[in-house]
Structure formats: C-alpha cells, structure tokens
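Right, one structure below, let's go through it.
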Amino acid sequence: MCFLRRPGAPASWIWWRMLRQVLRRGLQSFCHRLGLCVSRHPVFFLTVPAVLTITFGLSALNRFQPEGDLERLVAPSHSLAKIERSLASSLFPLDQSKSQLYSDLHTPGRYGRVILLSPTGDNILLQAEGILQTHRAVLEMKDGRNSFIGHQLGGVVEVPNSKDQRVKSARAIQITYYLQTYGSATQDLIGEKWENEFCKLIRKLQEEHQELQLYSLASFSLWRDFHKTSILARSKVLVSLVLILTTATLSSSMKDCLRSKPFLGLLGVLTVCISIITAAGIFFITDGKYNSTLLGIPFFAMGHGTKGVFELLSGWRRTKENLPFKDRIADAYSDVMVTYTMTSSLYFITFGMGASPFTNIEAVKVFCQNMCVSILLNYFYIFSFFGSCLVFAGQLEQNRYHSIFCCKIPSAEYLDRKPVWFQTVMSDGHQQTSHHETNPYQHHFIQHFLREHYNEWITNIYVKPFVVILYLIYASFSFMGCLQISDGANIINLLASDSPSVSYAMVQQKYFSNYSPVIGFYVYEPLEYWNSSVQDDLRRLCSGFTAVSWVEQYYQFLKVSNVSANNKSDFISVLQSSFLKKPEFQHFRNDIIFSKAGDESNIIASRLYLVARTSRDKQKEITEVLEKLRPLSLSKSIRFIVFNPSFVFMDHYSLSVTVPVLIAGFGVLLVLILTFFLVIHPLGNFWLILSVTSIELGVLGLMTLWNVDMDCISILCLIYTLNFAIDHCAPLLFTFVLATEHTRTQCIKSSLQDHGTAILQNVTSFLIGLVPLLFVPSNLTFTLFKCLLLTGGCTLLHCFVILPVFLTFFPPSKKHHKKKKRAKRKEREEIECIEIQENPDHVTTV
C-alpha cells in the first residue's frame, strides 16, 4: 500500500489519511473473511439461529406476563411527588380518610366512579329517581365495604344575581365510591372483584335508564384499557407482516428467472421476525413483563433489519457474475456489512443510552433495553441466517437453476422452439442482455427506473429551484412545529381510544374542568397557629384558591363565639374541648395531629385542602400551580408540601420524557464527531450530521403540528428517527463522497444507482407495514403510526429529493479527480506519441 503526499499537505494529514485507509480496509477485510466463512459453512449458520429461536420462542410463550403497575411504567421513576406522597401517607394514613369528602389525596386505592349525564338541554337535578336508583344499586352490591362520600356537579348554571351562588341547573353528577382494603391482599382481591361487578352493573343500568348516560371508572380501568391496545393490535400486526412480506417479495423479483430473488426478500423479512421472537424469549426469561409500549419493537426492528437484507441483495447484484458464488458472497459482505455494522452500532449506542439510569421513565427504559437486544440479534441473524440463505440462492444461480421452481433453465435454442408463455416463465434474460450492457441486474425494475428516468429528472437544472423552495417550506413548517411542542403527561394518550376510561375522561374534561382536583396542603412541622403573623402567612399562601381549612373554620368559630385564644394553651384547649367536638366540625379531627408531652399538647402537623379555578387546559394549569407552590415551601417560614395523585404523573414529566432523546442525540453526535477523522472522508460525517438533524427536527415539528404530544411513545419514535435517518443516508452519502466521477451530478447518480434501490425497497416496505396500525382504535397506535409515517416520509424526501440536489451545490468538490484523470490521460498520450515516432511500422499495422 503506497500513499503519495499531496503538494503542500502537512504530515498530519498524511497520517490521518493512512489511518482512515487502514481502518476501512481492515473492516472490509474482516467482513470479507466473515462472508467467506458463512459461504463455506452455510448449514451451521442456518441451524444455530433456528435452534435459538425455537428455544427462546417456546420459553416466551410459557413465561408471558403483563405488567400490572401502570404508574411504575409511565410516571417519572424519581420524582419529588413520590417523596411527598410517602410523607403525606405517613402523617395521615389513607384508612383514616375514607369517610372524608376530600379523601382522594394520597392514592385512591380501590374505588368505583360514575358520571351521570343528562340529555342535551335537560337538568340532571330533575333526574333524581334515576340517580337514586343507580346509587341504591351500587350500595346493595356485596363482597366489599363501601362508603358514599358525596357528589359533584358539572355543567352548572347558577341562578342569575344570586349572592350565595345558588345552582339553577346542572348537566352531570359525579359520584365516587371508595373501598376500604387496608392494604390486605385478601381485601384487595375482594376490591378487585367489586370493581369488576361495579363496571358490569353500570353497563346494565345504562340499558335500563336510557334517559341518562352513564360513564364508569374504576382503579383498574386505566391499566385494563392500556393493555387493551395489545389485544386490539394482534390481528393488525399480523396483517402488517403479510404486507411487508408481499412488498419485499415483489420488490426483489425480476423478469429474469435466474437472477430474480423473490424468496430472498421473503426469507429476509422472516429472518427479522425470528430474531424478534428470540429477543422476546430472552426478555421473558429474564423476568420481563409485557406492556403495550413494546408494540413498537417489531416495527422498529423490521425497519432496520430489512435495510440490511435489501443492502445485501444490492451488494450481491453489484458483484461480478463470473466469480464463484463464495467469492461473490464475500465481496457482498465486504461492500455492505461495514456500513451496516456502523449503523447497527449507532442503534445500540442510542438505545443503550435510553436504557441508562439517566432515563426517568420506566416504559422508555424497558423499551430501550429490549431494542438493544433486538438490534444485536438482528445483526447476528442477518449475517448468519440470511447470509446462509443468500449462499444457497447464489449456488442455485451459479448452477443455472430457476429462482422459483428450482429446476434447470433450458438453453436458448430450446427456449426459441417453445411458446411465448414458456419463454416468459423460463427466460434468464439472454435476449435482453447486449454487448452494451454487461450487468444483467440493471434490468431490475426499480434500478431501471432510477437509472433511466429518475436520476436524470432530479438532477435537471430546472428541477433544482423547486426542490430548494420545497426544502424551505419543509424547514419553515418544522421550525413552526418545534415552537409549539407540548408535553404528553396525559395518560389518556396511551389508552385504547374507544375504551370506557377515555369516554369517562372526555366527559369529565368537558363538564368538570372548572376546578382542579383537590390538592392536599400539608404542614409537617410544629407551627404557632395562634400567632397573627402565621395566620396572615397561611392566608397569603391560600389566596387564589378555594380552601377547605380547619384553621379558617376555627378562626371563624372563635370570632362568632367571642372567645380569645391568643396563646398556645388557650388555642389548643378550645380547639380540643369545644371546636372538634361539635358535629359540624368533627370531620377535622383527621386533619390535625396532636402530641402530648406531660400535660401539654402540641400540634405537630396538619393538613388543609385547596381547589384551584381552572379552564379547559386543566392539566397545564395544575402543573403551573405545582411549580408555583413548591418554591414557596422553601422560601416561607411555614414548612409545607402539596400533593395530589396526579402530581406523580405530571412532576417534571416534560423533562423526564425528553432526556432520553437528548441523550441519544448527544450520543449520535459524539460518535460521529469522534469518528470524524477516522472515516474515509470527513465530509461524509459532516453531511450525515446535517441530514440527520434536518430529518429529526422535521419529524419533531411536523408531529407537533399533527397534534402529537411528547409522551413516551413519541420520544421512542424520535430516538428511532435518529437511527433510521443514519441507516438510509449513510450509504448514500459515503458513496457520494468517495465517488471519482468528473462531476457532482455524476457522483450522485452513481450513489442513487448503487443504494437507491435498497433504500426505496426498505422505506416502501416500512411504510406499507404501518397502514394496519391506522385501523387499531388506540391512541397509542395512532401516535406510533403518525411518528413512524413522518420518519419514513422525511427520510425518503431527503434521500431522493433534497440530498441529490443539495449535494450538487456544496462540497466535496470533484475537480481534483478530474485533474488526476486529465493528467493520466495526457501522460498516456505522450507515451503513445513516443511509440508512434519510434515504431511507425507498428502504427501502420494498427
């Protein structure tokens, strides 16, 4: 190997170039030997993956277990809200609050909830008989203790000019029934049975009372409707597989019965399928629990795996036909597996970072762990199982066997004597091949379309201005969408869209969004409640809220009773002996914790209830309330915490859910920068960074405009977008920067001709496979469909429209290749002239 120093080039440039050449050729040599090994032992590399799939696949069926804790999956794992819940629960145990109206403070436990909605224009308050019948039927249910804790009104119309806010009419009533399970396993089973019967009863009552609309919710409803997505999607996933199999088979076919590879397209998709089954088996063997977010793994793995399949097929077509099939396999591996190894490594790095301890959402972490295993197995199965299939197909081609019927192809003379239909079925393309076209694979319909039609059109000088305008429009909409990103802390985004939970949530949002959930305000340190300055501080903290406070009620009681309690002993004495013994104030006993030291009593902790006035965007406003109250707990003299069960899901959710994609993006950027001087041409990495950034921001902005929130599913799709873009842009870009044609236009044509077929095959199969997801009635699958559709569409747009045009404007320049060729041609002409002068007879003979 010889390296010539370019005039004026520094020595470091020579060493970097040598290092890049050595690394590249080393990787190519390794992949070449790997291809030779597979071609010499195809049975072994076919058998081992099959045995692994059977072993782990059977174990997956035996160990399948769904995840039952939805909060563990989708709520931030490490949040202040969980610490606050523990503190609140230790101060005020849940079983002491079941008889309270405002008891939904720590965690609801087991409960049943129903909304009764009157027809449009009617007053629910006039439907008393139906309400009482529903309530009475619930109270008569057995197998569990219950307590009626009250009702709330929705869609309220007040009496005009009423000072005491009297209610004129209402559209809906909400009733909640709490069960006392006390943490016992037996009681919990009884509570679960009661909830099931409760939901059945509400459905039955709906049939009996057509004049009312009933919407029920129980504590297990969210988990049930979350898991329902997987049940609804089973048949659609199978349809997706059939569509991908069909697309891969058809796109791998040719008229040439010898060189057509329909079964290889089919076997390539099946290779990815069995690798996914093996990964699932490993997941369940390691005590993993299934959840509906894992529904995206087959689509993610298929998008990467089939890319390797189609690239290997394209690499096979680029090899020389006159070589033995084993050498052709080795050459295809040397050509394709270097890039595929790099992209698989980036998949592993990005999803590995998503599975790191920095990820605060358990569903994202579990998904990324499974994706890492799937990528490793995918890579192993592609070069082993599919490689063995390619070996057998190559052997059949070398021995001139039909690619479908596996019979000997007759000679041209024999075919000429047969009917046209027989010639069509058994033709190996000998009539189409001419001395001008030595590569029969050029007749593949996609490659023919790209070479003869598309390449000339996209590089036309009159098309380029329209492509630039198209990209500016694309960038504008993407930027506009990126400015409107909203977090997806609403758990409804992960549920089946036609489920009872979603119906209940929609009605609740419509009629009960005027007030926030009840927020517990916990004072966890002793406080001088009798001090006027402390009283003023409490009033300022509670200003802007509707407060249900024992402190305020006690102050009013003292004022009405004309009793003075300006010191500690009087304040506590009157509180215990008079205030808390009155029937209308007895429910405040559970809100105050007393301690006794000798004859002296102290208040060591207490709680108040706050309700905020909200609008339709209830969730966002509650998050703002939480963010405003927490800093006050540190800056004020009163030490307190605020808590509601919804805080567990909303606490820094936007930060928790965006961290994985930021880490993954940083990982990709870091890897590409670190390898900037190790790849064969640094400009390849530079263009790759720009392309991936453009695609990622495009998907992010467009999905926001398509009403997709930043929940755990969309974040996983954004991580996948990084890798999907690299997977498809990297071969195209590196082929372009290494091309030695005279002009950039010729280089991009050559790149599209080499890799355009594989890219188009894979993206088309990927997008067609997404179509059945559109028919799954689930918000989770809608999000998955939208994000992956944008991922495939933006990648296709960049590979076939934007990059082919922009690469003709910007570096790398191809002039030095042109100068080298001119110098060589001039040198050759001088040598020929010398030969002509010295040997004129020879020239005359020629």
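Along the chain as shown, the residues are counted starting at 1.
Even glycines carry a Cβ here, placed using N, Cα and C.
Swiss-Prot gives the label N-linked glycosylation site to one of N514, N762, namely N762.
Per Swiss-Prot, the stretch carrying the note transmembrane segment among 293-313, 629-649 is 293-313.
Within the same chain, residues at least 6 positions away in sequence whose Cβ sits under 8 Å from that of N762 (N-linked glycosylation site) are G303, T306, K307, F310, H728. For the transmembrane segment (373-393), the list of distant contacts is 34-35, 38-39, 42-43, 45-46, 48-50, 261, 263-264, 267-268, 271-272, 274-276, 278-279, 282-283, 297, 300-301, 304-305, 308-309, 312-313, 316, 325-326, 329, 332-333, 337, 340-341, 344, 347-348, 351, 403: same-chain residues at least six beyond its ends, Cβ to Cβ under 8 Å. Fewer than three CB pairs closer than 8 A are found between the transmembrane segment (718-738) and the transmembrane segment (465-485), and contact between the two stretches is not assigned (pairs 6 or more residues apart). At the 8 Å Cβ cutoff, the transmembrane segment (686-706) and the transmembrane segment (465-485) share at least 3 close pairs (sequence separation 6 or more) and count as touching. Away from its own ends, the transmembrane segment (765-785) comes close to residues 226, 228-229, 232-233, 236-237, 239-241, 243-244, 247-248, 251, 269, 292-293, 295-296, 299, 302-303, 306, 492-498, 502, 708, 711, 713-714, 717, 792-793 of its chain (Cβ-Cβ under 8 Å, at least six residues beyond either end). Segment contact holds for the transmembrane segment (293-313) and the transmembrane segment (230-250), given three or more CB pairs below 8 angstroms at sequence separation of 6 or more. The DSSP secondary structure for N762 (N-linked glycosylation site) is helix. Counting Cβ pairs under 8 Å to the transmembrane segment (265-285), the top-ranked stretch among 41-61, 230-250, 336-356, 465-485 is 41-61.
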